[in-house]
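Below is one structure, written out as structure tokens; the observations come after it.
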Ligand SMILES: Nc1ncnc2c1ncn2[C@@H]1O[C@H](COP(=O)(O)OP(=O)(O)O)[C@@H](O)[C@H]1O
Ligand SMILES: [Mg+2]
């Protein structure tokens, strides 16, 4: 329930439903009420007129029996069992009935006063609305005039009106709901557009929210854009400052290292010199690491469209083959496919990661390295497999530490894997080391989400 109403769309829809139901309901109720009372009033007026007419047309014959001087003007009183009846009675005389009353009789109870009264009685064809009054006859029994109309006729008129009204109002309700839905859908379109723009922002395909939006949404977009611009500026300034700091430390550090080496050579203070040297080396490593991180794009700025692996891989392989003569670097067809989906990254950053992984593979491989590319939806995976000695499982994670390196060929800085993982994580991805089926190492760069268990 709460989940449902956390959607603005659902809220508007519910409001429209309630609004239409209340509006149409009230309209229906008041229309039926108005129409019924109007029709009833007309019926009653008509009956009153008819009972008056009946009295006016009544004359007494020589014997004192009532008789009509001419038939009533409404022909329905002449149609048998039409539901329209009249009756004139005079105690002690023959009573007179309308030709429509071929059976039964009307109760003359209602005609006991000179005032016209009405009530519902049982007539020849069901309950009737009955009007009646009494007129005195000088020197004789009074005359009772009664006129009746079947109640069902009145009910039938109201029922047919109600049926038709219900049909039309249902159609109106449907039309209102449909237009409400259309309004909601149209009204929310800019939000969908905004969501798409923000997704592009997150994927790094844009550095601000573009497009023309309605005023209400521009109120959000404009501040967000200036926030983004300011943020990018701060990040850039921080990056420049960090770079400047690292550079400014380099020269003094080189002097310290130099001095320590001289101390070591003299052999007088060799213990202290060792400490100086190893600490300087640590500092140097940290500086190199942070400098390379500062260089990395990472901010996603200006990487619209991403980068194609097939575009950056061949020059990387060529460079690696020069650095590691005798090792064969082979890329699979997928990795060299220029039509394969691009990676949502800065080209520099992808090259940085791959050159670190390829360099390791080249260093450790016995003879060959393969580079494979796989993609599935938004997920991308580049696997670099070598036929080297592999990394023991309990050391794989440790090798990602800054300065961590194992014993073996080539003196490295121990920064390659740390940098590769850091850059990958900037993009929400990761780098991992695993055992290759052949026994060597497979280093994997993963960007985007892979289905569980498929990594
Ligand atoms: N493909 C590989 N095969 C075997 N060992 C590897 C491989 N890649 C990385 N390693 C191990 O991880 C360590 C750390 O790698 P890295 O961070 O790139 O530093 P470096 O290459 O400077 O030694 C390496 O020294 C090595 O012991
Ligand atoms: Mg390395």
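One is the number of the first residue shown, and numbering goes on along the chain from there.
Cβ atoms are placed via backbone N, Cα and C, with glycine included.
Per-class residue totals from DSSP over the domain 'HAMP' (185-236), listed helix then strand then coil: 41 helix, 0 strand, 11 coil. The domain 'HAMP' feature in TrEMBL is assigned to 185-236.
What TrEMBL records for 244-451 is domain 'Histidine kinase'.
Here the transmembrane segment (12-30) has long-range neighbours at 5, 165-166, 169, 172-173, 176-177, 180-181, 184, 187, meaning same-chain residues at least 6 beyond its ends whose C-beta is under 8 angstroms from one of its own. Here TrEMBL flags 12-30 (among others) as transmembrane segment.
Per TrEMBL, transmembrane segment is recorded for 167-188 (among others).
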Counting only residues 6 or more past its boundaries, what in the same chain has a CB within less than 8 Å of a CB in the transmembrane segment (167-188)?
8-9, 12-13, 16-17, 20-21, 23-24, 27-28
